[in-house]
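**Q** The following block contains the structure, expressed as structure tokens.
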Amino acid sequence: RPRGPQPQGLADSLSTCKVLVVGAGGIGCELLKNLVLTGFKNIEVIDLDTIDVSNLNRQFLFQKKHVGKSKAQVAKESALQFCPSASITAYHDSITNPDYNVEFFRKFMLVMNALDNRAARNHVNRMCLAADIPLIESGSAGYLGQVTVIKKGLTECYECQPKPAQKTFPGCTIRNTPSEPIHCIVWAKYLFNQLFGEEDADQEVSPDTADPEAAWNPEDTAARAAVSEKDGDIKRVSTKVWARSTGYDPIKLFNKLFKDDIMYLLTMDKLWKKRKAPTPLDWQQLEVSPNEEAPASGLKDQKVLDVWGYCQMFQDSVETLSSQLQEKGDDAELVWDKDDPPAMDFVTAAANLRMHVFSMNMKSRFDVKSMAGNIIPAIATTNAVIAGLIVLEGLKILSGEMETCRTVFLNKCPNLRKKLLVPCVLDPPSANCYVCVSKPEVTVKLNVQKTTVLSLQDRILKERFGMVAPDVQIEDGKGTILISSEEGETEANNNKFLSDFGIRNGSRLQSDDFLQDYTLLVNVLHTEELERDVEFEVIGEAPDKAPPPQSNQEEVNSITNGNKDSAQPSTSSKGRHHLRPLTSNSAAVATGTKRKYSETGESSAKRPRTDQSDAADDEDDIVALD
């Protein structure tokens, strides 16, 4: 006998309930279409991003005429053509904007994520916990996908299980605002294809003039996109055509990539209000005063060169690769291979020069090679399947059948039971979660004499623990305010060290984010023995290192087993298999389903999927080429 409301009752619920869709990209487009055709009548959708040409092969609510316009607004207009009687409200904005507070979330019966970065996912997770609203999380990576349900007090939240390092990134992060070495490595790999390999619209490496963060007004972003397509009356040529016209002159290439393009980025001044601006490089100036450092000891591949060393590596690799291209004849293409010395030298040099421009510590050739991997393509049908599963889980919730909700994995190949879709029971909240337990608390190991207040705010509280606007008070009996979310109130503290405020081993910091209705107690563990380039460590977890694989046996608690293709297995405290999520962790907290760049390492041996993993990360757009 069916439980919950009868079909007519469910139909009535669909027409009256209000749902929020966060993200209007690959999964978001499919999801909006599914919702209106299923009978949902009251939908709100939010996305910060604008439409790019590279979106059109899978985000079917968009057409060429829409390039440069707001994804949320165009998705709304297109979805209404399927059901004109539906009421859809579109927001061209970031979900982390303070306007979208707990009260905003409380007006919805369901929230559905179709996001492309971990920071925004973390934020929505916390807002739904604070508002006590069910959240349906989703993601896809190539042929793999996942949908899961999060409900306060009943299931694991998105942050209950540690996540591996980010492997996918928004396009404008790669092109405009890199903040980690991997961003520069991905950029360098796509630059290789632009110059020597197979060109693709998704592989653009020049500054993104339609970056939504550079202009909050939708008309401004549309205008920027139009300018980027036309550049006045000047006909734009591809990077490869331009490079050929210079005879692949390494110095001209260098000055365009690391001087002219960077100077252009500096004109997009909104990008640098809260970031350190990049510093252009000039070949002639570097040649006059190269500042060569004494060669470091150790193996050649493990040495980090100085800037001029990477300039020379760039020059030598460009000359070698252009000669190889010329030998192959007209319309020839090279294929990037990490085991091909000139190709690897090119990516190493270009990535390190970009790291230097954006004030990052440069990496050895060995490190760059280990971080450079394969690209995951975006598959339109994966997004369609995942969007359908989101709606099915939503119908269960609205029918009052929360206990029947599942985490569902979409696999690339059928498992032993010939199933592509593998449902697994939802896990209860983790007792060790620093988000959804009643009194969240963490211990952070750092050097109080070298860690600045700004690093605590940006690198630890915002980037690592997902806060948006933290207020920090030292539990010293005086209630000393270390960080205030009010602009300008504690800016004078930014460049001071934690030790300047009496913070030492054993100090406790209370961090509050009023927007997220979230409080985190941070215990400070002082150390002077952190590894090189490591600013801090969170005690009790190592998200980048999967635990040893366990025995390949079926689990009693799973409904059915599935194969694991490329996600790395991890285990929960209960000893059951957990897949590591395919998560993305962009430094930017934009909500839009942006183009992403995905780098994956070797796939591990196939293991049965027997339990919930955290939502598989990046929505569709794990675009293969940018």
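Note that Cβ sites are derived from N, Cα and C of the backbone, with glycine treated the same way.
The shown structure was predicted, so the numbers you read here are calculated from the model rather than taken from an experiment.
Feature table excerpt (TrEMBL):
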- 23-28, ASP47, 55-58, LYS71, 94-95, 116-121: ATP binding site (BINDING)
- CYS157, CYS160, CYS433, CYS436: Zn(2+) binding site (BINDING)
- 551-573: compositional bias 'Polar residues' (COMPBIAS)
- 614-626: compositional bias 'Acidic residues' (COMPBIAS)
- LYS163: SUMO1 cross-link (CROSSLNK)
- LYS189: SUMO cross-link (CROSSLNK)
- LYS235: SUMO1 cross-link (CROSSLNK)
- LYS256: SUMO cross-link (CROSSLNK)
- LYS412: SUMO1 cross-link (CROSSLNK)
- LYS606: SUMO cross-link (CROSSLNK)
**Q** Other than CYS157, CYS160, CYS433, CYS436, which residues of the same chain sit close to Zn(2+)? List them in sequence order, counting a residue when its Cβ is within 8 Å of the Cβ centroid of the site.
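**A** Output for this site, in sequence order: LEU129, GLU156, TYR158, GLU159, PRO429, SER430, VAL435, VAL437.
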**Q** Could you check which of the recorded positions CYS157, CYS160, LYS163, LYS256, CYS433 is the closest Cα neighbour of ASN117 (ATP binding site)?
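**A** The smallest Cα gap between ASN117 (ATP binding site) and any of the recorded positions is with LYS163.
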**Q** Since the record lists ALA120, CYS157, CYS160, CYS433, CYS436 as binding-site residues, which of them has the fewest other Cβ atoms within 10 Å of its Cβ?
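**A** Selected from the binding-site residues ALA120, CYS157, CYS160, CYS433, CYS436 on minimum Cβ neighbours within 10 Å: CYS433.
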**Q** Out of GLY23, ASP47, ASN57, LYS256, LYS412, point to the one nearest CYS157 (Zn(2+) binding site) in space (Cα versus Cα); all of them are recorded positions in the record.
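**A** Nearest candidate: GLY23.
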**Q** How long is the line from the C-alpha of GLY26 (ATP binding site) to the C-alpha of LYS163 (SUMO1 cross-link), rounded to the nearest angstrom?
**A** 23
**Q** Could you check which of the recorded positions SER94, ALA120, LYS189, LYS256, LYS412 is the closest Cα neighbour of LYS163 (SUMO1 cross-link)?
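**A** Nearest by Cα distance to LYS163 (SUMO1 cross-link): ALA120.
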**Q** Cα-Cα separation of GLY23 (ATP binding site) and CYS160 (Zn(2+) binding site), in Å?
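**A** Between the alpha carbons of GLY23 (ATP binding site) and CYS160 (Zn(2+) binding site) there are 22 Å.
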**Q** Between the Cα atoms of CYS436 (Zn(2+) binding site) and SER94 (ATP binding site), what distance do you get, rounded to the nearest Å?
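**A** One finds 23 Å between the Cα atoms of these residues.
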**Q** With the cut-off set at 10 Å between Cβ atoms, which of these recorded sites ends up with the most neighbours? Options: LYS163, LYS189, LYS256, LYS412.
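**A** The most densely surrounded of these recorded sites is LYS189.
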**Q** Could you tally the C-beta atoms, other than its own, that fall within 10 angstroms of the C-beta of GLY23 (ATP binding site)?
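**A** Result for GLY23 (ATP binding site): 35 other Cβ atoms within 10 Å.
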**Q** Taking only the recorded positions SER94, ALA120, LYS412, which one has a CA atom nearest to the CA atom of CYS433 (Zn(2+) binding site)?
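**A** The answer is ALA120.
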**Q** Give the distance between the Cα atoms of ASN57 (ATP binding site) and LYS412 (SUMO1 cross-link), rounded to the nearest whole Å.
**A** 21
**Q** Using a 10 Å radius around each Cβ and counting other Cβ atoms from all shown chains, which of the binding-site residues ASN57, SER94 yields the largest count?
**A** SER94
**Q** Would you kindly give the Cα-Cα distance separating LYS256 (SUMO cross-link) and ASP47 (ATP binding site), rounded to the nearest Å?
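**A** Their Cα atoms are separated by 33 Å.
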